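Colleague: Features from TrEMBL:
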BINDING   G51, G52, R73, N166  substrate binding site
DOMAIN    14-244  domain 'Aspartate/glutamate/uridylate kinase'
SITE      K18  site 'Transition state stabilizer'
SITE      K225  site 'Transition state stabilizer'
Amino acid sequence: MQAIGHKGADQLETVVIKCGGSVLEDLNDNFFNSLKELIEDGFCPVIVHGGGPAINSMLELYKIETKFNDGLRVTCEKTMEIVEMVLSGQTNRQLCSMLTMHDFNALGINGSDGRCLQADFIDKEGLGFVGTITHVNTDLIMMAIHNGYIPVITPIGITEDGSKLNINGDYAAASIAKAIKAERCAFVTNVDGILINGELVSEMTDSQIESCITDGSIYGGMVPKVKSALSATKAGVDTAMIISGKKQFYKNNCWHGTAIAAQEEVYK
Ligand SMILES: Nc1ncnc2c1ncn2[C@@H]1O[C@H](COP(=O)(O)OP(=O)(O)O)[C@@H](O)[C@H]1O
Ligand SMILES: CC(=O)N[C@@H](CCC(=O)OP(=O)(O)O)C(=O)O
């Protein structure tokens, strides 16, 4: 595949696609066909992946307790080693292989490579080796895109003094989308979008999201997704979407799933 969607440095339209661990094993042709259509329409995808369930399985194998605090994995030094082993050594490799099998040019990047995802501890005492991204070095990502590769980024950050930190994949995707000024940030997961009372909602604004979090109709792993989606749109990313990795999420120039907007006005 040649220089995907390359229209010149000033006109690159990038789309960040976060693939959640909940759906990585179930990605099918619908996902890869959507990716193909996006590229045919001139978009350059940047993939960020999760892998929470695979980390849980490996921790179980090593008989290490899994603990979450506010949706973030409490990560001691040993857990961090396993997080990196699984995300970078296993999940990233599997996703790159799947992409290669479907004729995409995938380039795996551990977020700490080239100090791509610069990070700081959130709460060293309470959470351990868990980070928040302080700066995204976009050079490596843009270099890959300009050379016709799809960057496939593992959400591992690096501190100034070289410590590796575990970053929630949703937050990493939003930070990357903001830094590269992506057109869109799409969160691929195991549901069709945001469901309220079992019904798919096509659009949601920040105030609607806030009340759904408060009344419990948005909960668990969907919370960091909608918060990341909102922070991306508030920082200038055109649209954020929650979409399914099992269905064709992009077809004939249309996206399918839930679109999230920072303000009501966007849809007026
Ligand atoms: N309102 C909602 N609509 C759809 N899914 C929701 C909602 N609230 C919570 N969820 C849950 O969020 C899950 C997706 O989050 P998560 O399991 O963390 O996915 P991923 O691994 O893809 O990041 C869904 O499978 C569902 O159980
Ligand atoms: C700090 C933190 O919680 N990091 C996540 C990183 C993986 C992830 O985000 O995976 P999903 O997208 O599948 O949830 C974790 O350790 O599970």
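A Cβ is built for glycine as well, from the same backbone N, Cα and C atoms used for every other residue.
Curation does not apply to TrEMBL; its annotations are automatic.
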Colleague: To which of the recorded positions K18, R73, K225 does the lowest count of other Cβ atoms within 10 Å belong?
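Modeller: Comparing Cβ neighbours within 10 Å for the recorded positions K18, R73, K225, R73 has the fewest.
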Colleague: Within the domain 'Aspartate/glutamate/uridylate kinase' (14-244), what mean pLDDT does the predicted structure show?
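Modeller: When the pLDDT values over the domain 'Aspartate/glutamate/uridylate kinase' (14-244) are averaged, the result is 97.
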Colleague: Around the substrate site formed by G51, G52, R73, N166, list the extra residues of the same chain whose Cβ is within 8 Å of the site's Cβ centroid.
Modeller: G21, G50, I55, V83, V86, L87, N168, G169
Colleague: Considering only the recorded positions G52, N166, K225, which possess a Cβ situated under 6 angstroms from at least one atom of ligand 2?
Modeller: G52, N166
Colleague: By Cβ count within 10 Å, point out the most packed of the binding-site residues listed: G51, G52.
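Modeller: Max Cβ neighbours within 10 Å, all protein chains included: G51.
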Colleague: What's the CA to CA span in angstrom from R73 (substrate binding site) over to K225 (site 'Transition state stabilizer')?
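Modeller: Counting only the Cα atoms, the answer is 15 Å.
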Colleague: What three-state class does DSSP give G51 (substrate binding site)?
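Modeller: Coil, per DSSP.
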